[in-house]
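The substrate binding site annotation in TrEMBL covers B:E202. Annotated domain 'GCVT N-terminal' per TrEMBL: B:12-269, in sequence order. Feature annotation from TrEMBL assigns domain 'Aminomethyltransferase C-terminal' to B:289-367.
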Amino acid sequence: MNLPEELLYSKDHEWIKKEGNNVRIGITEFAQDELGDIVFIELPEVDDEVSGDEPFGSVESVKTVSELYAPVGGKVVEVNEELEDNPEYVNESPYEKAWMVVVELSDESELDELLTAEQYKAFIEQD
Amino acid sequence: MSNLKRTPIFSEYEKYGAKTIDFGGWDLPVQFSSIKHEHEVTRTKAGLFDVSHMGEIIVKGPKSLAFLQQMTTNDVAKLSPKRIQYTFMCYPDGGTVDDFVVYMIDEEEYLLVVNAANTDKDYEWLVKNNHYSDAEVTIDNVSKDYAQLALQGPLSEEILQNLTDTNLSEIKFFRFENVALSSIDKPAIVSRTGYTGEDGFEIYIDPSAGPELWNLLLETGKEKGLEPIGLGARDTLRFESNLALYGQELSKDISPIEAGLGFAVKINKQADFIGKQVLQNQVGNGPNRKLVGIEMIDKGIPRHGYAVLKDQEEIGYITSGTQSPTLEKNLGLAMIQTEFAEEGTELTIQVRKRELRAVVVKTPFYKRQK
């Protein structure tokens, strides 16, 4: 299982990459493997506010829909428009080509709640 | 430890990379490689499915025909030995107990192959409604006596022919033969049937020979591109071909007429089968609701249970939906009020929080070239 050390992870199986005051978000290799072939992705728009309470989008495989919950709150500053036409990127390249959104952090301390690669690995193994 | 039931083939799944799920109490493979890939393999080459979870019930005795005529909607008298019929059992209100196939072994013996999750319910329904003596009709749940494999796809016959001297081309659609298969010392029932919309066979064999047959088929079919296929692709394959899934297109609340399956309901047959009156009325007056195909206009995928709206009024719901791997369209089957069922009618699907446009289209979505 590929879990890049430099990323943070959520218990909802998202990865989070800190880029200054922003974070880039996608779903983990484990998540895409559980979902199977991804065929449809719904993402928010630039300037939308996201928070952990409301789904900001969804990822659909052949069989199921999985809602995306923001691991941190903030304003969407960038959306990966290419994913809409190429949902298979999530399966092929979950950490690179399949980043989903960039969010401007409203509260940096929320990052403290996230897991390290090692903690996430332990989390999925006990699951 | 899970207490899920396992088929005789379970031991073989792992070496082919299966990911298993709880499917109605059974630990079954949802996929081996990927649903889209397995779907395509079955449409273009051949796929092997473990469907040993299916239930088998034997109805035996001199009054078997009369009994089955009362229990099922199709005309069992039309069968002759080694022929198969798709049929239903219904409740008095027309709702469906189950959809299944009947194999006529001989004048006094019929094999019913039923949905796994309905096996106990079907058996009890048959027993409860059997007013014949033991000397006239016996009913046995023999599900544990069979492993069942489905070999589906255009290259199925070529592959299976490697294992037998029986001329498989002589087994026509919805017929079966008792067949000796290669080194396997148990006799098999081989029928030209399936649940994918492709040509292919279903093979019934003693459970002890199941794993051997599974491996033998995959080995002999390998050069032709045969691969093991999971339940995920089984569902997308049957969906594209508009083959009903009990619990979605059919249920105790949905009659076969509403589901558009009137071809297997013989309302004019003499026997007073259970549900006949209601089904006759539905045929005579037209059902109030109907199963239709829909294609999404807006971007989104319809899923089981989503509401279907017309002018803000709820007029039905999605029974099954997915992105069709063969057609690459977002498609659904929907049970809706008959007045909106005409092809070309624009409808709205409630996809979670969004209302998305769709249009009624012809089914089946996919039909193989013969």
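Glycine residues also receive a Cβ, built from the backbone N, Cα and C atoms like all the rest.
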Cβ-Cβ neighbours of B:E202 (substrate binding site) (radius 10 Å): 24
Overall pLDDT for the domain 'GCVT N-terminal' (B:12-269), taken as the rounded mean: 97
Residues of the domain 'Aminomethyltransferase C-terminal' (B:289-367) by DSSP state, where helix covers H, G and I: 3 helix, 45 strand, 31 coil
Local backbone state of the residue listed as 'substrate binding site', from DSSP in three classes: strand
